[in-house]
Amino acid sequence: MLQGILETVPSDLKDPISLWFKQDRNPKTIEEVTALCKKSDWNELHKRFDSRIQFGTAGLRSQMQAGFSRMNTLVVIQASQGLATYVRQQFPDNLVAVVGHDHRFHSKEFARATAAAFLLKGFKVHYLNPDHEFVHTPLVPFAVDKLKASVGVMITASHNPKMDNGYKVYYSNGCQIIPPHDHAISDSIDANLEPWANVWDFDDVLNKALKQGKLMYSREEMLKLYLEEVSKNLVEINPLKLEVKAKPWFVYTPMHGVGFDIFSTIVKKTLCLVEGKDYLCVPEQQNPDPSFPTVGFPNPEEKGALDIGINLAEKHDIDLLVANDPDADRFSVAVKDMQSGEWRQLTGNEIGFLFAFYEYQKYKSMDKEFQHVHPLAMLNSTVSSQMIKKMAEIEGFHYEDTLTGFKWIGNRAILLEKKGYYVPFGFEEAIGYMFPAMEHDKDGISASIVFLQAYCKWKIDHNLDPLNVLENGFKKYGVFKEYNGYYVVPNPTVTKDIFDYIRNVYTPEGASYPSSIGEEIEVLYYRDLTTGYQSDTINHKPTLPVDPTSQMITVSARPSNGSENEHIRFTIRGSGTEPKLKVYIEACANEEQRASFLAKLTWNVLRREWFRPDEMNIVTKF
């Protein structure tokens, strides 16, 4: 039958499709490819077979479909074989792996296939998902740390749409992988594409390993330890002080994800908060549901994603909503403005400042000897707000920025800790918050615990809500306002063309960078991490890692007609996984209206001078 099908396949597709039929043993994906061949849907087959899904620092992520460029059981097996082989070479005396999964379609199957590959390579596997249980993503890096494993894999696509899934990798230090490991793992995957003997029989492999003591179901052990670590490291307020009102005082939504069970358990056992009495959970979004029925895009940042929760809060006269994304590694907040009566969802940068301010307050109350031995340090990604940099300058603590992603934030935090710094917090503007006392990756559950305490402390001790605290921060450190968005590009070559235009056409001949952008913006600082140039360093070498394969430029500037204390900073970069050119703009001024104006002005000037959407056929999105 297959031979007859292959006879109809175009020559440039015949080899990869033949290989697929040879290697795949999943009846559903075999039938999927067969059906596409019978329909002669060569365009779709080219999309799925012309290239192989690339393993990067975020692991793998794509739609769940048949094909070498998609997420499916065969691709997961191949990735796991390559990863297990590489890690075995790096840690031959510590063959211990952690595997977990969320509630998405096929997550359990992918996780079991992953565990089987590691078991066949001689690893002991701590499997976090007995039966039909789910775990939140932060439990995997936490377990890697506590179990001293050499690698961890979490099957999740975080807040992506329902048709997606992913394969997230943590290295032996509990952080996401960074170069050169990502490239080496990718090479190892390419060298281990042929499925190993018995790897497709993953249920049998797991059952045999369980009897031999090589497969351990470690979910309950790790959850117990996670709870203990939250209590020890993150809880500092007397739970009795959380009796803010005699009725529920906040709403929680897990966004159809895995968050509710772990959230409700943690807040009850550490903060004595009980659902129904102290808070309400959005009933329509409470249970894990991989179809995400109430939201098309299950990301708390998306417009309208929190509407159901806000409506519930309004109904019960509640003025605080906290949210996790589906795998509970991100955290978001909406608060009711008591002056206007309108609800306001805080940006990732605003929440980041509130956490940083709270952690700074805690640090200042610590023992002076501890402060002397362990100076304070906080960090965020280079596309995130510079407000904590300003706070660090004024308050006298150490601040650093990193490349985008917690793979960089987490690894840098570890290095700072080794130097003796106390690093309580790091963040990224995409609602990701890291508390290194728990793990060196973002954690939405830890963020929830810390934020609820901060909220109560400010409310009870100072009669301030988060908006008041933010306003006080603006008064002391300057008003910081962002204007972020992206352009949808038709293909990666357009992104390169735009950056080449900036470097080679817009920049005057003989200059390293443009001194101005239009008549409105005066450039003060310029960094190009693609070419390896930074304007304010010796020999103009960047302080952050250079990557010639990705496009990224950061500019600090001032408005040409502005005052000395007005400042603009923006980063433009090409997305490594999506057809997007991302733009992150932040302006600082004395007044909120002026800062917002400068941020939007910068967007418009860049649009006109650099991006030229009509000419380049790119579309604006926010």
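Positions of Cβ are set from backbone N, Cα and C atoms, glycine also.
Per Swiss-Prot, the candidate among Lys148, Lys168, Lys419 that belongs to the substrate site alongside Thr57, Arg61, Ser158, His159, Asp329, Arg330, Thr404, Glu428, Glu429, Ala430, Lys442 is Lys168. Within 10 Å of the Cα of Ser158 (active site, phosphoserine intermediate), the following binding-site residues from the list Thr57, Asp327, Asp329, Arg330, Glu428, Ala430 place their own Cα: Asp327, Asp329, Arg330.
Minimal Cβ crowding within 10 Å, among the binding-site residues Asp325, Asp327, Asp329, Glu428, is found at Glu428. Nearest to Asp325 (Mg(2+) binding site) in space, judged by Cα atoms and limited to the binding-site residues Thr57, Lys168, Glu428, Ala430, is Ala430. Note on Ser158 (active site, phosphoserine intermediate): other Cβ atoms within 10 Å of its Cβ, all shown chains, come to 25.
Of all Cβ atoms in the protein chains displayed, 19 besides its own lie within 10 Å of the Cβ of Thr57 (substrate binding site). Put simply, Asp329 (Mg(2+) binding site) is 17 Å from Thr57 (substrate binding site) when counted between their Cα atoms. Figure note: comparing Cβ neighbours within 10 Å for the binding-site residues Lys168, Arg330, Ala430, the maximum is reached by Arg330.
Taking CA atoms as the reference points, Ala430 (substrate binding site) and Asp329 (Mg(2+) binding site) are 11 Å apart. Classification of Glu428 (substrate binding site) by DSSP places it within a strand.
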